[in-house]
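Visitor: Supplied in structure tokens, the structure appears directly below.
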Amino acid sequence: MRLWTLGTSIFLRLWGTYVFPRSPSWLDFIQHLGVCCFVAFLSVSLFSAAFYWILPPVALLSSVWMITCVFLCCSKRARCFILLAVLSCGLREGRNALIAAGTGVVIFGHVENIFYNFRGLLDSMTCNLRAKSFSVHFPLLKRYTEAIQWIYGLATPLNLFDDLVSWNQTLVVSLFSPSHALEAHMNDTRGEVLGVLHHMVVTTELLTSVGQKLLALAGLLLILVSTGLFLKRFLGPCGWKYENVYITKQFVRFDEKERHQQRPCVLPLNKKERKKYVIVPSLQLTPKEKKTLGLFFLPVLTYLYMWVLFAAVDYLLYRLISSMNKQFQSLPGLEVHLKLRGEKQGTQGVVHDSAFNISMFEPSCIPKPRLSVSETWVPLSIILLTLIILGLLSSMLMQLKILVSVSFYPKVERERIEYLHAKLLEKRSKQPLREADGKPSLYFKKIHFWFPVLKMIRKKQTIPANEDDL
């Protein structure tokens, strides 16, 4: 408990030093400068971590840090702006940045894996065609050559001029197979298809990389613009009306002060007011905040559907190729018979028979698919968990933005408190008229108005009971 109290007191002291320097003394100025330099260091570190792909050199980062320190020390609006920008990272702007990161993870994971499996399937088909072209042509032609040579060996040479001429005859059989042309055609086709796939993969990676960087820059620009608009509305001519639905501790003190001075007060709030106004700090959501929470999660659900769709396509392709592997491995071999039929003395028969086996699919050409679920959905789960936490804490972050703003501008805070107090009193002054108008409607809701017989029966039951008591 003492440690918590000590930490709270140190934080409040540093917060007060950051918001308003106490005095122009050197000690207070050094404390103020140290706190501003620390906040600037955290901001620059956060920026460099978010945009690591354009990480500038250390000298440039040091220059940016020094410039940020000077701005924070000299400008109250700059100190408020940088804190509001950090808090805005947890609202819609941070949501958009996380969605962009999740989309990049899906494209780099599932889409690239889909192209990889398609390429493996294409390589398997071309490998099997090449292997079958050799395993079918050459055994068949070899048996055909053996059959021709066997026929040639059965032929009886003519010996009409053995005494005059002698010669030796040999049979040379040369084979011509179109397998080389087929292989060249398959290589050309495979090169064209792989070129198209490579072009698609490179284009997808390039578009993803550029799109992710552009979305990150757009997210940073959106954070800065939205923070600037927030400050403009908060400090504008009608700033006391902007997001003025929070009951702060200063509002409670103001209401107690009004009560001590015998003036109208508004606390505690009634049931209807508690649905609209939020007592800070509070985790209870108003109907407006619930609607905002639903709008916060709507893009998340849309992109989640797209991510699941890509994952389903990747998984179905993986299952399809895996089932094809099992079917290819279970296919029986094909036995080919080469029979040479001849006719001798009017009788036909098989004079030569040879057989060889051909496998339907080469085992070395079976595709091996890849599934990258763990590599993709582990970071996606972290991103989704972060989005859920940010969505649930979005109302709390908005409260923090209001509290930070009023800490830097107490004059605006007093105007907001007075306006909200007067607004609540004005609404309560109109409530009696509404309640008077609402009494007949409440009377119409009673059962005995529509069924007076029930009221008469109840009276008859209560009269004898009263007589017994007498």
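Glycine is no exception: its Cβ is also placed from the backbone N, Cα and C atoms.
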Visitor: Based on the record in Swiss-Prot, is it correct that Trp4 and Lys232 are on the same side of the membrane?
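Guide: The record shows them together on one side of the membrane, with a shared topological domain name.
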Visitor: For the transmembrane segment (293-313), name the stretch out of 56-76, 98-118, 210-230, 377-397 with the most CB-CB pairs under 8 Å.
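Guide: Between the stretches 56-76, 98-118, 210-230, 377-397, 98-118 has the largest tally.
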Visitor: Taking residues 6+ outside the transmembrane segment (56-76), which of them lie with a CB under 8 Å of any CB in it?
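Guide: Those are 19, 32-33, 36-37, 39-41, 43-44, 48, 82, 408, in sequence order.
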Visitor: Considering every residue in the topological domain 'Cytoplasmic' (231-292), what is the mean pLDDT value?
Guide: 80
